[in-house]
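Noted in Swiss-Prot for the protein shown:
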BINDING   Ser54, Thr55, Arg56, Thr57, Gln81, Arg105, His132, Pro133, Cys134, Gln135, Cys267, Leu268, Arg295  carbamoyl phosphate binding site
BINDING   Asn163, Asp227, Ser231, Met232  L-ornithine binding site
Amino acid sequence: MTARHFLLDTDLTSSEQAALLDLADQLKATRRDRKPARRPLEGRSVALIFEKPSTRTRLSFDVAVAELGGHPIVIDSGSSQLGRGETIEDTAAVLSRYVDAIVIRTFAQDRVDRMAAAATVPVINALSDHTHPCQALADLQTIREIRGRLAGVTLAYLGDGNNVAHSLLLAGALAGLRVHVASPPGYEPIEQVVRHANEIGAVTGGEALVTHDALEAAAGADVLYTDVWASMGQDTESDSRALVFQPYRLDEKVVEAASPDAIVMHCLPAHREMEISAAVLDGPRSVVFDQAENRLHAQKALLSFLLDETTAGVGSR
């Protein structure tokens, strides 16, 4: 049987995505109420490969695997042969003999794809330079539990058209969201991603729009979202990016342009008074810590979806 991977947001269908979010809600409620939970990963091991530093992704996956009954094995590239030149293909082949799934957080999407091509167990993209699909699942769960729905909701993303923006566009399209991205010229999301999102949206009712005007994107939005201006590996560009992205800061003026009950999201870590004002990040509309918590529940649902035979067919193609 061929392993099912989660490399891009679009590796799920709309119905699979909805079923996975339903499962995430159920798992969250079970944990909150301290009820006995199923342990579908009992006796299984999951390798967690981190080639980039991580707090939320590492901890949430570690806890997720453990709470599902499995054994998480964290592998830092600096302390393994992977960081000393062993090929990603050889690593995938060996790990497939030891573990039941591989989670990888790395720099290039190509490394995720190559890992999956050589592995015989499920591979999960925990972040690449192209997408951040696990983050988007948690974001959708957060929006749905607060707004009560996803279809027809307008999300305004301000800032760099990066991996988070790409995943919001693609996952949002599957869910029927209207995703409006405001980025400076030259920092927009990849055109192919925007086009693909609109192709999906033509079926689901979603929409992908890119503008250079932050207030235009935010006008009437139900969700306001931002991310850091300089991602890991772009440290030398921090000062120049700060100047370019200043008009895209999520501040009180942007909040006023949005819907009166708009929520504020940030995938964290945040730099107060840079991409977002402290008043907005710490204000009553902010749901950033609910969003961070939902990484755990969404990833438990994803692991169950890929590895638990009792849920594998839910919402299937």
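Backbone N, Cα and C define each Cβ position, glycine as well.
Note that the structure is a prediction, hence the values are computed from the model and not measured.
When secondary structure is read from DSSP and collapsed to three states, Asp227 (L-ornithine binding site) falls in the coil class. Separation of the C-alpha atoms of Arg56 (carbamoyl phosphate binding site) and Ser231 (L-ornithine binding site): 15 Å, rounded to the nearest whole number. Long-range Cβ proximity for Cys267 (carbamoyl phosphate binding site), meaning a same-chain Cβ under 8 A and a gap of 6 or more residues, is found for His132, Gln135, Asp139, Val164, Asp227, Gln291. Separation of the C-alpha atoms of Cys134 (carbamoyl phosphate binding site) and Asn163 (L-ornithine binding site): 11 Å, rounded to the nearest whole number. Taking all protein chains in view, 26 other C-beta atoms sit within 10 angstroms of the C-beta of Arg295 (carbamoyl phosphate binding site). Ranking the binding-site residues Ser54, Asn163, Ser231 by C-beta neighbours within 10 Å puts Asn163 at the top. Asn163 (L-ornithine binding site) carries a helical DSSP state (H, G or I).
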